[in-house]
Amino acid sequence: MEFAIISALNGVIYGLLLFMVSAGLTLIFGMMGVLNFAHASFYMLGAYIAYAVSSIFGFWAGLLVAPLIVGGVGMLVERYLLPRVHAHGHAHELLLTFGLALIIEEAVKLFFGDFPVNYQMPESLRFAAFSLFDTNYPFYRLFIGGIAVAMFIALWLLLSRTRTGIIVRAAERLPAMAEALGHNIPVVFMSVFGTGAALAGLAGAVAGAFYPTNPNMGLELGVIVFVVVVVGGLGSLKGSLLASLMIGLFSSYAVGIDWSLATLFDLAGLGGWARAVGGLITMEVSSISGTIPFVLMLLVLLIRPAGLMGERN
Amino acid sequence: MRTIIPAAILLIALLAVPPFLGLGWQNALVNLLIASLFALAFNLLSGQAGLLSFGHAAYFGVGAFATLHLMIAVEDGLPFPTPLLPLAGAGAGLAVGLVAGVFATKRSGVYFALVTLAIAELFHSLAPHLQGWFGGESGISAMRMPWGGFVFGSLLEVYYLTLGWVVLSILVLWAYTRTPFGRLTLALRDNEQRVRFLGYDAHAAKVVVFTISAMFSGVAGALLAISNETANYALFSAHVSAQVVLHTFVGGATIFLGPVIGAVVFTLFAYIVSDLTRSWLFYQGLIFVLVMLYAPIGIGGVIRHHLRHWRSIDWSRLAAPYALAGVGGAMIAGGVVFLTECVAILFGEEYAVAMRDAGDTLPPFEMAGMSWDPLGPASWLPPILLLSIGGLCLHRARDRIKPLWDAIEGGAAKEGTR
Amino acid sequence: MKKLSLLAALSAGLLSATVAQAEPLKIGIIESLSGAQTSSGRLYATAIQYGVDKINAGGGFNGEPIEVLEYDNAGGAPGAADKFRQAVADGVDIVFQGASSAIAGQITEDVRKHNIRNPGKEIMFINVGAEAMQLTGDQCHFYHFRYTTTAPMRVNALVQSMRQAGDLGTRVYSINQNYSWGQDMQAAIEAAATDNGYEVVDTVLHDVNKIQDFAPFVARIKSAEPETVITGNWSNDLLLLMKATGNAGLDVRFGTTYLDQPGNIANAGETALGHYIANNYDNSAGEPAFADAYKEATGHYPLFVEPQTIFAVGALGEALSGVDFGGGEIDVTTIAKALEDTAYETPVGPITVRPEDHQTIRPVVVSKVVRNAKYPADDTDMGFEAVNVVAGEDAIYPAQESCAMDRPD
């Protein structure tokens with residue numbers, strides 16, 4: 001019971017972090033049809049910039065500045081790099097951002113080295129929010145979750161309840177018409193891309209203080225985030241929220257499960273045979289919890305190729 | 001005839017020269033051949049069928065492991081000719097590619113890219129746990145067994161075996177593009193809807209292309225296994241998948257031999273530069289992005305463009321601006337390298353120690369055998385000069401090259417309409 | 001730059017060959033000098049260079065200074081295989097490597113095959129950091145020497161010392177990475193239980209360097225109510241585990257093996273206080289002169305994997321001092337035999353080579369993270385303080401039966 005509740009809490013928080021990163025990705029894709037391969041690199045960049053700024057001006061300054069700088073980088077990429085390859089199709093946009101991801105990773109290594117850097121949350125946030133079954137639940141976890149929720153609400157309100165949202169949606173559906181109505185479409189797209197990047201930067205600045213900040217964090221999280229958007233359906237905010245939470249919870253619970261396929265065979269009385277075969281069959285779920293998102297993705301592809309909330313291909 | 005003669009000369013060179021090269025170069029050539037085949041196999045899917053895969057390491061790796069298992073069996077007495085070992089890689093690539101292809105081709109476009117990436121990650125994360133198949137994290141190992149009078153002990157024998165398989169595979173892949181199905185592959189990229197209307201099952205066709213591509217990737221992996229005599233799960237890493245993407249698109253995905261050009265350039269680049277500087281991966285990424293931005297058709301595409309218009313190019317007028325562009329490019333490259341290496345040193349651990357020893361001031365640093373003062377203007381003048389003058393050169397060169405090329409292309413277009 | 005000096009060295013080597021000079025001994029470092037493990041790779045390379053410089057200051061070997069060539073394996077076994085062939089082409093006699101057992105597995109196999117195919121031109125592999133049991137088990141061969149500990153040595157020393165200090169308790173939790181090293185650790189933790197009076201309350205193996213959030217594992221650890229958690233985790237996996245434990249307020253003591261990796265103490269912060277580590281060396285256990293001399297040459301005190309690497313080169317130097325080729329051709333087999341017989345004296349005790357499997361028998365130092373340490377870690381006020389030095393013969397385990405070594409006559 002204790003394990004179940006704590007794991008549920010942890011799973012939700014981790015899921016919300018995944019959502020924070022995938023939200024920006026899915027926002028950009030939904031609006032512009034560009035899959036930004038460098039999105040997870042923006043997440044990493046956010047963490048490193050926040051680290052650099054916070055070591056001089058304090059944690060909150062880092063938290064504020066990192067999304068702004070990363071958002072600015074995103075806008076520059078959208079304004080000056082993407083249009084150059086736009087004529088060659090989406091594949092080239094994907095390749096360009098893929099190259100940017102490589103460069104960002106190597107540049108981070110150039111400046112900050114290969115070690116994880118010492119990016120810490122401030123002491124004022126380092127306390128237990130509450131105690132459950134004698135285990136302290138760190139406040140900072142709730143802080144990460146809270147920021148993700150606030151972000152989701154703000155995005156949703158912005159897109160569905162404000163005039164800006166109407167313009168953005170118009171720019172997505174009928175760019176030519178929106179332009180004819182006097183809206184500056186390039187600026188709209190640039191802002192959308194910048195916002196998406198800034199969200200990733202914010203996620204990095206917040207999460208980097210809790211999880212380690214190292215040059216691999218982009219790739220590690222990036223792969224999971226890509227799985228999230230495939231499972232949730234690209235371009236659907238709700239879908240990525242659902243998929244993030246699912247993957248967060250599955251990963252969290254898998255740790256406590258010592259079952260393997262052999263356990264299933266036991267039910268059929270074939271456990272002995274299965275254990276003799278070994279290999280995949282005897283692998284315990286807990287030892288391969290990192291694999292679960294990928295398996296989930298393959299299952300979704302089989303059952304519902306467009307993703308849980310995605311529209312058709 | 002025009003393509004056969006250079007190809008024959010190249011083949012003769014590849015056959016005749018290596019015995020006179022040192023072990024280091026022989027080794028580099030083996031890597032280069034393997035990378036070329038891998039890039040070609042990858043390009044069948046990404047360039048010709050338009051399905052961009054970010055997870056081809058999976059099929060490359062599977063081919064390597066299957067071959068090693070066969071090699072172990074041969075070591076234990078199975079009578080199997082060593083030169084035919086890559087068949088195991090081909091078979092494994094085919095089988096795994098078929099299953100993965102069914103999943104991956106359920107989606108197209110960016111989804112396809114993400115799914116292939118995730119499938120490779122699945123292999124990468126599972127392989128270290130499967131002791132029997134992949135030998136844990138230290139991998140599996142075997143030894144090449146003598147066969148038919150060949151010992152397969154020396155690198156040179158391995159080189160010729162690799163060369164044989166690569167040339168054969170390239171010929172088969174080239175022949176494939178000439179078949180009706182090869183044409184259909186291109187149609188999948190250009191207009192999938194139309195393929196469907198013509199009565200073909202587009203999904204099945206994609207699966208077939210995926211499988212063939214995976215099969216030849218498996219052959220490339222097999223050749224690596226034969227040359228290394230070991231394989232470990234690192235073969236499944238995202239890095240391997242990324243390299244083949246880089247090779248293919250820098251070389252040019254729309255040209256049959258483009259990926260080979262990319263593979264040659266980057267393998268040689270890695271061979272020469274990787275021990276020179278720690279930032280070589282950074283430069284590699286930079287080259288890739290620059291090619292994507294300024295020559296999206298790749299190096300091969302640029303070469304083909306020139307060959308096509310060879311007769312109408314007036315070199316007496318083009319040579320000067322081209323030379324200017326070359327000088328400008330070299331200067332900018334020099335400036336970027338200078339700055340990058342400065343950053344690498346100034347932000348490096350050794351410099352941090354030197355800084356602490358110097359009492360938190362900025363001591364001078366050593367680079368290229370010279371001492372530089374990080375605060376002195378003399379240190380930053382060279383890169384600034386290189387970058388600005390180089391940029392100016394490139395700008396001027398572009399202004400002069402563009403009208404010349406417009407004239408050439410205009411002339412060609414006129415000829416076409418006539 | 002390295003390539004240029006390498007080219008210079010090579011051409012110099014060619015020249016000298018024509019004027020019939022002595023053959024220099026060539027050492028090849030095949031390390032992870034780019035990629036995720038770069039930081040460790042650099043430490044190995046620095047320490048090897050330091051050790052070789054010392055030998056060369058004493059006159060080198062065979063009438064020539066020893067040459068050191070660096071190769072970047074790009075952090076993976078395929079890269080290592082490639083660079084090994086390059087090293088063969090460059091005429092390297094002895095290969096050094098340490099970061100990653102997977103890469104060591106590749107190199108040791110390559111060395112074995114090379115030696116089978118090139119009798120008389122053998123190459124030797126001195127492993128300064130790869131601890132997988134199979135390297136001295138079914139992969140063992142005469143030309144591989146392991147100059148570091150293995151999981152049973154570290155665990156035995158760790159639990160003995162923690163028990164003596166009264167910090168072990170009777171309930172021990174084992175959490176490790178799911179690959180050979182972690183599995184070796186888990187087996188060693190379970191094997192040492194009865195002798196040291198503890199019960200292994202639960203074991204878990206997890207993915208290597210993939211877990212972003214260790215809180216679920218902490219929840220699982222807590223439900224088993226251990227007093228001590230023993231883990232062989234390194235890098236992120238260790239850091240995240242300790243941070244998650246600290247955040248949950250779980251009061252357990254950690255017994256670790258790689259806590260001294262640079263950056264760990266700073267990153268873990270106060271959470272690290274009171275935890276233990278079993279390692280090859282710690283500055284607080286040895287002689288200040290050793291640490292000071294290293295700092296003089298490199299700018300920092302020897303840390304993490306550097307001491308064991310310095311000892312390995314030192315042992316090689318001692319072996320070489322007993323070998324004389326009279327300026328002629330170098331025979332690696334003779335050097336290997338000499339190294340096998342070398343007992344090298346370190347500041348914490350002697351290191352000898354066990355002839356059956358070429359594992360070194362060596363002291364293991366157990367230390368604890370304390371405040372105001374003599375050698376602070378990562379510019380913090382914390383650092384390691386040795387609590388015990390377990391002598392080689394007390395930490396060693398019987399040679400593995402899977403090792404069948406063919407000896408040259």
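Each Cβ is built from the backbone N, Cα and C atoms, and glycine gets one as well.
Taken from TrEMBL, the feature transmembrane segment covers B:26-45 (among others).
Counting same-chain residues at least six beyond the ends of the transmembrane segment (B:52-72), those with a Cβ under 8 angstroms from any Cβ of the stretch are 38, 41-42, 45-46, 78, 80, 85-86, 88-93, 96-97, 100, 104, 112-114, 116-121, 123-124, 127, 133-134, 140-145, 213-215, 217-222, 224-226, 229-231, 233, 235-242, 244-245. Taken from TrEMBL, the feature transmembrane segment applies to B:52-72 (among others).
Taken from TrEMBL, the feature transmembrane segment applies to B:84-103 (among others).
Tertiary proximity for the transmembrane segment (B:110-127) is limited to same-chain residues at least six positions away from its ends with a CB under 8 Å from its CB atoms, namely 51-58, 61-62, 100, 103-104, 133-134, 233, 236-238, 241. Residues annotated as transmembrane segment in TrEMBL: B:110-127 (among others).
What TrEMBL lists as transmembrane segment is B:147-176 (among others).
Residues annotated as transmembrane segment in TrEMBL: B:204-226 (among others). Listed by sequence, the residues of this chain that lie at least six past the ends of the transmembrane segment (B:204-226) yet keep a Cβ under 8 A from its Cβ atoms are 30, 33-35, 37-38, 40-42, 44-45, 48-49, 51, 53, 56, 58-68, 71, 82, 85-94, 96-98, 100-102, 104-105, 108, 144, 158, 161-162, 165-166, 169, 173, 176, 181, 184-185, 188, 195, 235.
Annotated transmembrane segment per TrEMBL: B:246-273 (among others), in sequence order.
Beyond the transmembrane segment (B:280-303), the same-chain residues lying 6 or more positions past its ends with a Cβ under 8 Å from any Cβ of the stretch are 246, 249-255, 257-259, 261-262, 265-266, 269-270, 273-274, 336-337, 340. For B:280-303 (among others), the entry in TrEMBL reads transmembrane segment.
The transmembrane segment annotation in TrEMBL covers B:323-347 (among others).
A Cβ distance under 8 Å defines the sequence-distant neighbours of the transmembrane segment (B:323-347), meaning residues of its chain 6+ beyond its ends; these are 277-279, 282-283, 286, 365-368, 372, 374, 379, 382-387, 389-398, 400-401. Away from its own ends, the transmembrane segment (B:147-176) comes close to residues 11, 14-15, 18-19, 23, 26-27, 29-30, 33-34, 36-37, 40-41, 44, 81-83, 86, 182, 212, 216, 219, 223, 226-227, 256, 260 of its chain (Cβ-Cβ under 8 Å, at least six residues beyond either end).
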